[in-house]
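Copied from Swiss-Prot, the annotated features are:
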TRANSIT   1-66  transit peptide
DOMAIN    92-338  domain 'ABC transporter'
BINDING   Gly126, Lys127, Asn128, Gly129, Ser130, Gly131, Lys132, Ser133  ATP binding site
Amino acid sequence: MAGVNLQLRHAYSIAQFVPTVSSPPPLPTQRVRLGTSPSRVLLCNLRANSAAAPILRTTRRSVIVSASSVSSAVDSDSLVEDRDDVGRIPLLEVRDLRAVIAESRQEILKGVNLVVYEGEVHAVMGKNGSGKSTFSKVLVGHPDYEVTGGSIVFKGQNLLDMEPEDRSLAGLFMSFQSPVEIPGVSNMDFLNMAFNARKRKLGQPELDPIQFYSHLVSKLEVVNMKTDFLNRNVNEGFSGGERKRNEILQLAVLGAELAILDEIDSGLDVDALQDVAKAVNGLLTPKNSVLMITHYQRLLDYIKPTLIHIMENGRIIKTGDNSLAKLLEKEGYKAISG
């Protein structure tokens, strides 16, 4: 692992058999050359500014689910303590989280507090550089960042003690701002391997290709895609809307408990955004949650959040309902800046 860590820090892999990796692809590209066998390692190199996916060492793929809650606008310091959820066990609990860029030691997160319960939808908004995307990357264990303080508990487990792939298999999923292409690997093969990796983790029976196909057809309906989509290579030649729907399809197949959607609305026209939002809403249950990172109010018109959090200078400074986003849209960040 050490030999490929530097170049694969923005990567995920899924493999039935893991061959030796002698020379990882360069960072600037989003394409990766693979062998013709879908059971080979799938090394998907992401651009440096993409959201980090958990690094999956063998037959693993990231799983998603997100959430949190509160009712009216409050200061972030009282967020954890003031919630009226006595007796409820949080899905995700973040306390005083601090993190730096591993290489430069620049501090980005400066005491983030957030509590997410099952069945909630949370949105994190903020200016560029506020720390919101870094927060999502730290949650999934991106190696470019180092946690220097605080705690993250997911489903009662200390997330900071878990490797990125273990976080993924535990039920944490993260979507990409710019989903990568995987030439030579069909969606069907990709999803089947990811699904069975999750099943193995849960100690459940795996599905053969015929059984999996039957399972997958209903998931395609959720994301408004036809069955011939399964024969296409992962994200290759896809439109922006198709790539985002493919991300949601992965979420639907994997059944994660917490989904982190990092700017899933970026680059989408209104029709594509509505399709993606409809798919996300169709996956919400009382047992899973969603954490959305976004710049824009328009996403919140289609996916209604339980709570909205405003980040500034590495901290959540305000939490409230949808009226907070409308105030932001009308008056800008100056109206709520700490």
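The backbone N, Cα and C atoms fix where each Cβ goes, and this holds for glycine too.
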In the structure shown, which of the binding-site residues Lys127, Lys132 has the fewest other Cβ atoms within 10 Å? Lys127
Pick the one among the binding-site residues Asn128, Ser133 whose Cβ has the fewest other Cβ atoms within 10 Å in this structure. Asn128
Cβ-centroid neighbours of ATP site Gly126, Lys127, Asn128, Gly129, Ser130, Gly131, Lys132, Ser133, 8 Å, sequence order: Thr134, Met311, Glu312
Averaging pLDDT over all residues of the domain 'ABC transporter' (92-338) gives 91
Cβ atoms near Ser130 (ATP binding site) (within 10 Å, other residues, all chains): 21
Binding-site residues considered: Gly126, Gly129; fewest surrounding Cβ atoms within 10 Å belongs to Gly129
Hey, does DSSP put Lys132 (ATP binding site) in a helix, a strand, or just coil? helix
Mapped onto three states, the DSSP assignment of Gly126 (ATP binding site) reads strand
Can you check which residues sit near Gly131 (ATP binding site), meaning Cβ under 8 Å from its Cβ, same chain, 6 or more apart in sequence, and list them in order? Ile108, Leu109, Lys110, Val112, Met311, Asn313, Gly314, Arg315
